[in-house]
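Everything on this sheet refers to the single structure shown next.
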Amino acid sequence: MSLYALLLVALGMSMDAFAVALAKGAAVRMPPRKIAATALVFGTVEAFMPLAGWVGGFYAKPFISEWDHWVAFVLLGGLGLKMMREGLSGEAEDVRESKQESLWMTVLTAFGTSIDSMIVGVGLAFMEVNIAFAAAVIGMAATVMVTIGLTAGKAFGVLFGRRAEFAGGLVLIAIGTWTLLSHLGLIQ
């Protein structure tokens, strides 16, 4: 696989994470340090998933391709509904939110946006590619795209407040629904 092709794959794999980061950045105020930490979590998970897929290879492919869209749909849909509910409630998020809960939600969201990367890893198992390098490139692309998404979302969120959280929830549900419908062959 050429470097150009790998960069395109990495960019494609990071687009779901970018959309989620844009929504999250609009909904929650994050200091630069938190943006960097969140981007690193997404990048790490996004880099790990193709490695896991590569290791699983063709043994996991039938199971993963059969259920990945349902997992993404449930995770992103559930997170989206939670964000919409919070956006409608009008209650400000508790600034003293538990660090463990915050980390858990970040990891869960990162996992939900990177399931397709695992399938890419399965495909990479059948190609001439340095999987460690490919995973690093995919992880770095996700880190950069999440940083951009959170930063751009932060500027957007200042303008639109709680409505942005509701819209962010809609984005998550749309991503999950699109993933499900495209895997079922109902849309392209």
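Glycine is no exception: its Cβ is also placed from the backbone N, Cα and C atoms.
Annotated in Swiss-Prot:
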TRANSMEM  3-23  transmembrane segment
TRANSMEM  35-55  transmembrane segment
TRANSMEM  63-83  transmembrane segment
TRANSMEM  104-126  transmembrane segment
TRANSMEM  140-160  transmembrane segment
TRANSMEM  167-187  transmembrane segment
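Counting Cβ pairs under 8 Å to the transmembrane segment (3-23), the stretch among 35-55, 104-126, 140-160 with the most such contacts is 140-160. Same-chain residues lying 6 or more positions outside the transmembrane segment (104-126) and placing a CB less than 8 Å from one of its CB atoms are 1, 9, 13, 16-17, 20, 24, 38, 41-42, 44-46, 49-58, 60-61, 64-65, 68, 71-72, 75-76, 79, 134-135, 138, 142, 175-176, 179.
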